[in-house]
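Just below is one structure, and these are the notes that go with it.
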Amino acid sequence: MLYFILLPLLFLVISYKFLYSKTQRFNLPPGPPSRPFVGHLHLMKPPIHRLLQRYSNQYGPIFSLRFGSRRVVVITSPSLAQESFTGQNDIVLSSRPLQLTAKYVAYNHTTVGTAPYGDHWRNLRRICSQEILSSHRLINFQHIRKDEILRMLTRLSRYTQTSNESNDFTHIELEPLLSDLTFNNIVRMVTGKRYYGDDVNNKEEAELFKKLVYDIAMYSGANHSADYLPILKLFGNKFEKEVKAIGKSMDDILQRLLDECRRDKEGNTMVNHLISLQQQQPEYYTDVIIKGLMMSMMLAGTETSAVTLEWAMANLLRNPEVLEKARSEIDEKIGKDRLIDESDIAVLPYLQNVVSETFRLFPVAPFLIPRSPTDDMKIGGYDVPRDTIVMVNAWAIHRDPEIWEEPEKFNPDRYNDGCGSDYYVYKLMPFGNGRRTCPGAGLGQRIVTLALGSLIQCFEWENVKGEEMDMSESTGLGMRKMDPLRAMCRPRPIMSKLLL
């Protein structure tokens, strides 16, 4: 018995000594004092992006941490982000650190978001950009986005009329409405099914699917010690068992959806297109590859868009002058006789600025998705050894007072400075940057901007009287609003025309 206790401890001591001796060879960025074996894991209390910002204030725009046996480098500077995401550095830094969640949920790190840099990832990226997320294909699915937004507006209008016959303001909770909108948008594009609202398919499966997406986001954002202290696996791992069960449940749903699309040979969905490619190249387009692409689309395009919309509406309610300015722009440019369309977004710069300001203050991936270099490299003059976990604290960059005037203020007018979009490339990074930029960025921006513009155009909005809005963020990969958004709304006259 004593042998089985001492052997792991001996292994831990040897590993620590080995790691420490290797560290001495490198000129690593500065960082706070660490504890033996655990490093800084004991300090990682949520919200982690705020903690990392405090460390950057103390140690500078690049600093080191240690999570168990893993080195971590945190970047909090646009210039260092640019250095990391351009040229040869971007190639070296285009891999992902291996994590338990990705192992069991993302088909052993083979999805576009989790795969190591190499031929397989490049193929997946090409499929995303050319086959399922191309401008042509997004235009083909425009009718789905338009239909789902109209359904949401109609549902909200009927609810206000049912709850309030005097046409006064009605109290609503926005999170379920926005969540149903974004889930239906993506699931219809991917599989052709509607899960939420009216005319739905399989409510039980729908609720399980939404729960799994939420669980995956929470577990992906978890700073779990088993990822950094492998020796803990010898003592059993509840986290690993839970993640494995989540991955199995998600795979079961994805396989059912794939089989349904395979039976529907006339379907015009992203999955049907991938099935046609599978028939041409069965050796590459396996079911696992297709399910991985399905999951990537659904995880990246559902929860994230709903969270962004909720933050946007929260900020508009806290800043009624911004809401009024956005509404006036829509009324002036679009009129009051028809619903805003995707083609109108180009002539609504203030609405676009509102979305950009929401991305700045409330990025759904506050420190992006971590990367890991495939070779030793340098950033900011410091050594970054191979396999280091590199995190870019976009949340802190977005709120840096040296970059942004009054950084905590929600001010869409700040983008009217004439600097142009290139000026903000490494100052505003809600979708990441470089080779691992989110391939669904264009789709996400379309959904968020069109839905937000429609809510502004079709309803009057007020904050709930007597309630002080809590703007705290929750834990997890997607930076949800801790307290679900409640608001008062009333249909504008345009809604009566839309419902005719």
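Cβ coordinates are placed from backbone N, Cα and C, and glycine is handled just like the others.
Not measured: the values here are computed from a predicted model.
Feature annotation from Swiss-Prot assigns transmembrane segment to 1-21.
Lys248 (ubiquitin cross-link) carries a helical DSSP state (H, G or I). The ubiquitin cross-link annotation in Swiss-Prot covers Lys248 and is backed by similarity to another entry.
Here Swiss-Prot flags Cys438 as heme binding site, drawing on similarity to another entry. All chains included, 22 other C-beta atoms sit within 10 angstroms of the C-beta of Cys438 (heme binding site).
A Cα-Cα distance of 25 Å separates Lys248 (ubiquitin cross-link) from Cys438 (heme binding site). The number of other CB atoms found within 10 A of the CB of Lys248 (ubiquitin cross-link), across every protein chain shown, is 11. In this structure, Cys438 (heme binding site) belongs to neither helix nor strand by DSSP; it is coil.
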